[in-house]
Amino acid sequence: MQLKRVAEAKLPTPLGDFLMVGFEELATGHDHAALVFGDISGKTPVLARVHSECLTGDALFSLRCDCGFQLEAALTHIAEEGRGILIYHRQEGRNIGLLNKIRAYALQDQGYDTVEANHQLGFAADERDFTLCADMFKLLGVDEVRLLTNNPKKVEILTEAGINIVERVPLIVGRNPNNEHYLDTKAAKMGHLLSK
């Protein structure tokens, strides 16, 4: 186990009350969170989303990506279902950090795509560690999920880490003229499944 469960509190939202659970990485002290809606116990697979932190999309409403749209849609789906989990994976910018993400945006403004921009900065296309998320599911007592994602790599890594993904639920929202090239690049170079 790479994390420990350290705190929890009620989080009232326009969609209803979630339980916010805080986790801490044992090696680094970095924190992550999960929003739990309803009763996630029992044998029925839980609707879940692993959402990687995106300050620009989630909080600042950027149109450069689909992250904020996905966050809102995932929470709505979970609330409508009556039970589920959203893991808020605190690895900003596919885990290159906010400052490098801003640098990558500047490179994209010069014509690089999102993958090329990461490479120009010395990073892989995706630096995230989804095994942490598998540990969060386990600490919540969940090992079977219906995963809201377009990323087959996320499914593969979580499965290898012991989470049974019984269904991949597409989450295709937020396409606009500002992020078309970004989404096309994610499909072409990173294998994301973005066609309905």
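Note that Cβ sites are derived from N, Cα and C of the backbone, with glycine treated the same way.
Lifted from Swiss-Prot, the feature list:
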type     : residues                                                      : note
ACT_SITE : D126                                                          : active site, proton acceptor
ACT_SITE : R128                                                          : active site, nucleophile
BINDING  : R49, V50, H51, S52, E53, Q70, E92, G93, R94, T114, T149, K154 : GTP binding site
BINDING  : C54, C65, C67                                                 : Zn(2+) binding site
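Recorded features from Swiss-Prot, shown on the structure.
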residue	record	CB count, 10 Å
R49	GTP binding site	25
E53	GTP binding site	21
C54	Zn(2+) binding site	23
C65	Zn(2+) binding site	21
C67	Zn(2+) binding site	19
E92	GTP binding site	19
R94	GTP binding site	22
D126	active site, proton acceptor	20
R128	active site, nucleophile	22
T149	GTP binding site	22
Neighbour tally for H51 (GTP binding site), based on other Cβ positions within 10 Å of its Cβ:
21
Close binding-site residues near the residue listed as 'active site, nucleophile', where close means Cα within 10 Å, chosen from R49, C54, C67, R94, T149:
R94
Would you mind sorting out which of C65, C67, D126 (the recorded positions) have a C-alpha within 10 A of the one on H51 (GTP binding site)?
C67
Rounded to the nearest Å - Cα separation of C65 (Zn(2+) binding site) and E92 (GTP binding site):
13
